[in-house]
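Novice: Let me begin by handing over the structure; questions about it come next.
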């Protein structure tokens, strides 16, 4: 049962929380949340701050700073410090935690209160960190989590005895419900203005961080445990039985493959209905704009083909981003990600990496930027550099729209959704198949050798996923996608529309109309009369054919078309025509722009950039000899190029910041882009040779 306990007597009335805006002045009180990894710290932070969170970096370093306002209390800032087992740092994240608590982080005020998250399931280890926090001189309280796991392991924690032994308040929170979080908030608010004076007498001897003997520290911990921990009836845990299957060297890898395969199938098939709904809505808006602005063709095209099409190209892929992060959040919440890291250790060993690289590389499948940042957990500089340098090869969510477009156009219609999912999975394997040998090369022959450290991993108990945490992760991912790339895509969409529309010569319009009439055996002067005499459906088809011809000619004569024709010879060995070439070049700042660029190029044929509609247009595109312009071989060539190419300025900028080296960032761009060109060339030319 969920409980929230403390020795403090509660008043008859509980303060009702009121939502307040983030103050313009600095927070009056700073509360630091600290705990071991997997102790429930993030759950507590989300419950304390709700939606009022913000992220940034600590001064002078690239470690992410996550903070928020205490919900219902103006002036209380809560800082979610990186998880750590000790204040004796072994990584950049752990170092910033130690520096913040010691008041040594540049530009960071020392916290007024430290909230130490104690994992009841691993209380001895949590207490080691807790005693170190006490020695920093920061007033502290504790939050006891995972009591249900402790009971399954055969013991219970006496909260009152633990409070007495530690000398400060302890609040037990097994699940972060509103009632019990309110009790924790009450304790935080009560402790900040009136911190306990001094350090408990038993800590004055300098145990732990202050240079004391580690045996003395654990002697103090054992004394606390004898007072606060009681034996209980052991309840059977399903964790060992589940692990017997999920960590098995054969069945575990099979289960891992099935789980990842299910994720990709859901990304492709599960998102389709929502994407179709968004597509239909945006298409309706575009048609309404054209009808309402029929007398103003330039403005109508700007609104329909530029603004609405640009917004649609951003929104239509949000469902896939959300499904991807839904799977990642559920796997993390349940405890499976740690098992996946354990399994991957065997797969990564030959490359010179170990299981610690799994989380950064998995994060890179969502976005390489957080994946690169999370490489700070790597124990050596060489392993960290190798992980960072191969992270861009993981197929991030920005590549997903490209895969979905071409697989949907050339794979699914012939082979169905199952094989489409297999193709999607295979495209993600392309980057991995290049990244692993590259990691081996970097570790064995390029990067400076350093001492190796063993891979030690704690496997947490399995949990049911906390829906609030899952939703927060999914929501944040969607919002970050819209904020980080939405504006870029929208702005570039307007620019590309303008380049694709102008100069729009009236002389070219008249000449094309004349040629079209001659082909149909109609005198130009009789063309309006001929159209007027046609039946309604025939008239519509005739006008659409003429409009398509005009749009095609104007597009090729536009500034965008002229540029595409100029660069086409360079990309022709890959099978790219000028339209694909322009879209590829436009995507170098951000891959997401590729589909929206193609959408704008083809939207002159009265369509938006929905994957389904755009895919049909790709299939229907013909060369002058009547043969299809695009086919499955071209689709594979484009996808291979995107799987390997370093088309993301944000990723390159992050590499430069993390490694403090412009040379490495430029090297990554040159090497991966060259690999992409060579691989795409080999695939396309081999396919043509085979026939």
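The backbone N, Cα and C atoms fix where each Cβ goes, and this holds for glycine too.
Because TrEMBL annotations are produced automatically, they should be read as predictions rather than curated entries.
What you see is a predicted model, and the numbers here were worked out from it, not measured in a lab.
In case it's useful when we look at the structure, here is the feature table from TrEMBL:
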type	residues	note
COMPBIAS	1-12	compositional bias 'Basic residues'
DOMAIN	28-194	domain 'FeoB-type G'
REGION	1-24	region 'Disordered'
TRANSMEM	250-271	transmembrane segment
TRANSMEM	291-316	transmembrane segment
TRANSMEM	323-342	transmembrane segment
TRANSMEM	357-375	transmembrane segment
TRANSMEM	387-411	transmembrane segment
TRANSMEM	417-442	transmembrane segment
TRANSMEM	481-502	transmembrane segment
TRANSMEM	632-655	transmembrane segment
TRANSMEM	662-684	transmembrane segment
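In terms of burial and nearby residues, how do these features look in this structure?
Specialist: Non-local neighbours of the transmembrane segment (250-271) in the same chain are 319-320, 323-324, 327, 331, 336, 339-340, 343, 400, 404, 407, 417-418, 420-421, 424-425, 428; each lies 6+ residues outside the stretch with a CB under 8 Å from one of its CB atoms.
Below 8 angstroms of C-beta separation, residues 62, 64, 321, 324-325, 328, 337, 340-341, 344-345, 348, 383-384, 386-388, 390-392, 394-398, 428, 435, 477, 648, 650-651, 654-655, 658 of the same chain, each at least six residues beyond the ends of the transmembrane segment (357-375), sit close to that stretch.
Sequence-distant contacts of the transmembrane segment (387-411), counting only residues of its own chain at least 6 positions beyond either end whose CB sits under 8 Å from a CB of the stretch, comprise 267-268, 317, 320-321, 324, 353, 357, 360-362, 364-368, 371-372, 375, 378, 419-420, 423-424, 427-428, 430-432, 434-436, 438-439, 442, 481, 485, 590-592, 594-595, 598, 611-612, 614-616, 618-619, 630-632, 635-636, 638-639, 642-644, 646, 648, 651, 655, 658-659, 664, 668, 672.
Only residues 6 or more beyond the boundaries of the transmembrane segment (417-442), in the same chain, are considered here, and those with a CB under 8 A from a CB of the stretch are 260-261, 264-265, 267-269, 348, 350-353, 361, 365, 385-387, 389-390, 393-395, 399, 403-404, 407-408, 411, 639-640, 643-644, 675, 679.
Sequence-distant contacts of the transmembrane segment (662-684) (same chain, six or more residues past either end, CB-CB distance under 8 Å): 385, 389, 392-393, 434, 573-575, 633-634, 636-638, 640-647, 652-653, 655-656.
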Novice: Across the domain 'FeoB-type G' (28-194), what does the pLDDT come to on average, as a whole number?
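Specialist: That region's mean pLDDT is 80.
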